[in-house]
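Taking it in order: structure first as structure tokens, then the write-up.
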Ligand code: TXA
Ligand code: MG
């Protein structure tokens, strides 16, 4: 299959992406977090192809992306009272909510679970696509299973060229890591996956205390310990010892650093990222992708600050380190 590259700024390209999706094809689409591999969520035969293209196990549930709030009723059994304040505050945005699923929702989307994850993405291209075609799309991150999530159309192509009908190029993703996943139960709310929105961000809009579990449940993809992996072996090093470790390391070692003293280190595979959380997050996956392309076999990553707002970065890096 030849994968079409569609420039999202051209209206005809947006139209083409919508038509392909409506025809049951897979199209990678930009979101504010990472690129998603989309299929029309109401077409189970289309959705099932996502698993083949990604080589993803069939029991790993997908997030359903909606273009406006009224669509929620089509996918969930009932809309609980706690939704309105969260949706008002954070949708469209990087927040996935877990609901009891509507009886008509295919097992293919939920991986057989009685629940469904839904979010309204905050990307003008994807929002207008969903609204224009009055469609919801099931979309995991647009990478082969257990590889890095893509934050640009080029990275999508590197992983999935020839396996999907098209990629809608909407530029680089603004946020750069995957959405926060929140499950609101009877007695507590739980963050299932750390992301751009922290427990402190969410708590004011919730009627129950929100917790961040320390151990991940293995049952859901993305909650497995090993995930988000580049090809190179990733080693997280304290700032103080990185230079010494690099001296003893083989030639094929790359570094990913942000501290001023380490920015000058002599290393052919050196990637310098910003030290502030926002820009670091935006650059992280792209940097790991770039490093993989240099052929570096191992990567010394300068440990990020141990501060609460860096929890999402620690989560992704520890999984990359396996
Ligand atoms: O930012 C994002 O969330 C991106 C963009 C494309 O929206 N999507 C994404 O999808 O990261 P994916 O498939 O790579 O990760 C989806 C996560 C998985 O960890 C999956 O287990 C979890 O969502 N998930 C989906 N439905 C669930 C459910 N019903 N219960 C618990 N977890 C669920
Ligand atoms: Mg993923």
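Every residue, even glycine, has its Cβ placed from backbone N, Cα and C.
Its own atom aside, the Cβ of residue 139 (L-threonine binding site) has 27 Cβ atoms within 10 angstroms in the protein chains shown. Here TrEMBL flags 33, 65, 119, 139, 179 as L-threonine binding site.
Residues within less than 8 Å, Cβ to Cβ, of residue 141 (ATP binding site) and separated from it by at least 6 positions along the same chain comprise 34, 35, 36, 37, 149, 150, 178. Taken from TrEMBL, the feature ATP binding site applies to 56, 115, 141, 149, 193, 228.
Taken from TrEMBL, the feature domain 'YrdC-like' applies to 11-197.
Only 179 of the binding-site residues listed as 56, 179, 228 bring a Cβ under 6 Å of any atom of ligand 1; the order follows the sequence. Taking Cβ-Cβ distances under 8 Å and a sequence separation of 6 or more, the neighbours of residue 119 (L-threonine binding site) in its chain are 63, 64, 65, 66, 91, 93, 94, 95, 96, 97, 179.
Taking the binding-site residues 33, 115 in turn, the residue surrounded by the fewest other Cβ atoms inside 10 Å of its Cβ turns out to be 115. Recorded residues residue 115 (ATP binding site) and residue 139 (L-threonine binding site) have their alpha carbons 16 Å apart, per Cα-Cα distance.
Mean pLDDT of the predicted structure over the domain 'YrdC-like' (11-197): 97. Close to ligand 2, meaning a Cβ under 6 Å from one of its atoms, are these of the binding-site residues 115, 141, 179, 193: 141. Within 8 Å of the centroid of the Cβ atoms of 33, 65, 119, 139, 179, where the record puts L-threonine, the same chain has further Cβ atoms from 31, 36, 63, 94, 96, 121, 178.
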